């Protein structure tokens, strides 16, 4: 981090802050009351999220036109003699692809986001953020099944630690609800299960995008913006039939048990303008969060983005405790620690490179059999391959 520029630091802070606001604003809206009822409108909140994602398309157009302008200006100035501004950069273009390839992932996003917002309404914001780590497990399993990915030993270990963390977080939620009624505890457990189930759909979306979308090299902002447009359009149409679908009281606090009641939502917004503020926070934060996340991946690395996402989880948990939205339970620290440890091991961050660079050579020098360890760490059982990997990681560490 010592070598980060001011711009990169601002991007990192923007990602953590806007990502935290996104979850906290949604939970804040859930807690507000108007018309004698809490604001329980998960599908409308999902629509707001897609509106925010669609704004990424606006950002993409602005960036694209600006780059196009700079390219043409440099060429014009070059013709007039300002050759120092010319470079070998290609003219900015938009890749040719069928926009319908983003329809399936958009549908997955609609279903997953809606289910997660239903779950968020029933459980704690910190648990909501932590339980989303389950996507690693389902993505890994689906990648093995459909992408023929070969999982290394350390990845299976990481998935096991993530699963342990999810179990501990679930137990912590039950502990948080011990002073509440039985219905409240059942509601929290149901919310947790819905969030975990939604990660299966998120994993399907990620595997689909990896198999069918990645080969087109579509700019990330454009991809997010298109999925946002699809999601916004589809959810807007679905609001009509949702009005006539009735659900049990567990999933709907609507007087008539409607799946989604937009008219009641508008009435509640009119009675309490803070709901509009909360929904506006969801829209703007998701737009800036996506922009910042994509920029962090480009300017720094995908690894840094994952670490910052973990920091976001910690910020959400701390804010929830500070606002009194939940009480402190030490089990959540254990669960969060297991989740982070599992994510780091699965993505081969810090722990894996350190183990290969420091522990394995020491074990080898003492004459210990490290064949099993090499296999688990993703290294072939070959001492030359091991030394090559260790030396390359030592160079990376020095750089």
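Keep in mind that glycine also has a Cβ here, set from the backbone N, Cα and C atoms.
TrEMBL lists 1-19 with the feature signal peptide.
Residues 22, 26, 29, 92, 94, 109-110, 113-114, 117, 219, 221-222, 224-229, 231-232, 235-236, 238-239, 242, 259-260, 262, 265, 279, 282-287, 290-291 of the same chain, all 6+ positions outside the transmembrane segment (43-66), place their C-beta atoms under 8 angstroms from a C-beta of that stretch. Residues annotated as transmembrane segment in TrEMBL: 43-66 (among others).
Same-chain neighbours of the transmembrane segment (99-118): 26, 42-43, 45-46, 49-50, 128, 132, 191, 194-195, 197-199, 201-202, 204-205, 208-209, 212-213, 216, 223, 226-227, 230-231, 234-235, 251, counting only residues six or more beyond its ends whose CB sits under 8 Å from a CB of the stretch. Look at TrEMBL and you will find 99-118 (among others) tagged as transmembrane segment.
Feature annotation from TrEMBL assigns transmembrane segment to 130-147 (among others).
Among the features that TrEMBL reports, transmembrane segment is placed at 154-176 (among others). Within its own chain, the transmembrane segment (154-176) is flanked in space by residues 123-124, 127, 130-131, 133-134, 136-137, 140, 185, 188-189, 192, 196, 326-327, 329, 331-332, 334-348, 352, 376-378, which lie at least six positions past its ends and keep a Cβ under 8 Å from the stretch.
Taken from TrEMBL, the feature transmembrane segment covers 188-208 (among others). Tertiary proximity for the transmembrane segment (188-208) is limited to same-chain residues at least six positions away from its ends with a CB under 8 Å from its CB atoms, namely 104-105, 108-109, 111-113, 115-116, 118-124, 127-128, 131-132, 134-135, 137-139, 141-143, 146-147, 166, 169-170, 173-174, 176-177, 250.
Among the features that TrEMBL reports, transmembrane segment is placed at 220-243 (among others). Through the fold, the transmembrane segment (220-243) approaches residues 43-44, 46-47, 49-60, 63, 94, 99, 102-103, 105-107, 109-110, 113-114, 213, 258-263, 290-291, 294, 297 of its own chain, all at least 6 residues removed from its boundaries and within a Cβ separation under 8 Å.
Taken from TrEMBL, the feature transmembrane segment covers 274-294 (among others).
For 306-325 (among others), the entry in TrEMBL reads transmembrane segment.
Remote same-chain partners of the transmembrane segment (331-355), defined as residues 6 or more beyond its termini with a Cβ less than 8 Å from a stretch Cβ, comprise 126-127, 130, 133, 136, 140, 154-155, 157-169, 171-172, 175, 303, 306-307, 310, 313-314, 317, 377-378, 393, 396-397. If you look up TrEMBL, you'll see 331-355 (among others) marked as transmembrane segment.
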Cβ contacts under 8 Å made by the transmembrane segment (130-147) with residues that lie 6+ beyond its boundaries: 116, 155, 158-159, 162-163, 165-166, 169-170, 192, 195-196, 199-200, 202-204, 206-207, 210-211, 313, 317, 332, 335-336, 339, 342-343, 346
